[in-house]
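S.K.: Provided herewith is a single structure, encoded as structure tokens, for subsequent inquiry.
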Amino acid sequence: MEEVVAEELDDEEQLVRRHRKEKKELQAKIQGMKNAVPKNDKKRRKQLTEDVAKLEREMEQKHREELEQLKQLTFKDSKIDSVAVNISNLVLENQPPRISKAQKRREKKAALEKEREERIAEAEIENLSGARHLESEKLAQILAARELEIKQIPSDGHCMYGALEDQLREQDCALTVASLRRQTAEYMQTHSDDFLPFLTNPSTGDMYTPEEFGKYCDDIVNTAAWGGQLELRALSHILQTPIEILQADAPPIIVGEEYPRNPLVLVYMRHAYGLGEHYNSVTRLVNSATENCS
């Protein structure tokens, strides 16, 4: 009987953990949706509020149904516990009533639910006052002034190349992340004098040896190594196009200014993810006037 109860508790704990994870993922998704909509776009902000409320209602309903299903599975044991308590009361009328196993499970579930709600509330406060939220608000204002908004790129180590791939796609240039990485490494290897002086061994502080530089270029091609300004400089020469990097707390950076084409525009975010810096692409802002005319 004790083994059965342990299994039921494990099932309930697993369900609560899964619900907690799904709530966390939903909050991250909602934050991404909020970041993508400029603060001054009232129409889209209103629609966003409705969409967020709908997502939260649907998840809450789903979680209630799953908890109810689990409760039904344990209903039989609860009835057995209740009968056992009643028999005990008949035999030992003066004995104080005991808390049933089902009641203990309900109390434990309520405590876990309260803890989860407190964590969500703390996370919401942190999001609204933290560096990530402030950075997103500043970037939204900068982009809105240009009639642009952020286009999210996955944070998988390829984000800089992925953002450029997206920008090039808008110009009908079908270069993939893999192709951009390969061409970057090849350009840096054939122009090593332009890049080698800026690369140092983090352990010794010495400039990279030719062997270390070769491995650096191999990693560009064969791993999800994060790209930075050296790689952007190489890509601007490869594409013969300027690349403009917008950021929240500093003026824009433009590499490849010597080229006369319209720049590819990236957004650099220092606080977007806990693991470090991140690049996103941009897209044209669809304002309320355009929507009303369509």
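Cβ coordinates come from backbone N, Cα and C, glycine included.
Per Swiss-Prot, the features are:
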ACT_SITE  ASP156  active site
ACT_SITE  CYS159  active site, nucleophile
ACT_SITE  HIS278  active site
DOMAIN    148-285  domain 'OTU'
MOD_RES   MET1  N-acetylmethionine
REGION    153-159  region 'Cys-loop'
REGION    220-230  region 'Variable-loop'
REGION    268-278  region 'His-loop'
S.K.: Could you tell me the mean pLDDT over the region 'Variable-loop' (220-230), as a whole number?
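M.R.: Value for the region 'Variable-loop' (220-230), mean pLDDT as a whole number: 94.
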S.K.: Please list, for the domain 'OTU' (148-285), how many residues fall into helix, strand and coil according to DSSP.
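M.R.: Computed counts for the domain 'OTU' (148-285) are 56 helix, 32 strand, 50 coil.
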S.K.: Looking only at ASP156, CYS159, HIS278, the active-site residues on record, which one has the least crowded Cβ, with the fewest other Cβ atoms within 10 Å?
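M.R.: Across ASP156, CYS159, HIS278, these active-site residues, the one with fewest Cβ atoms within 10 Å is ASP156.
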S.K.: Taking the Cα atoms as reference points, how far is the residue listed as 'active site, nucleophile' from HIS278 (active site) in Å?
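M.R.: It is 7 Å, counting Cα to Cα.
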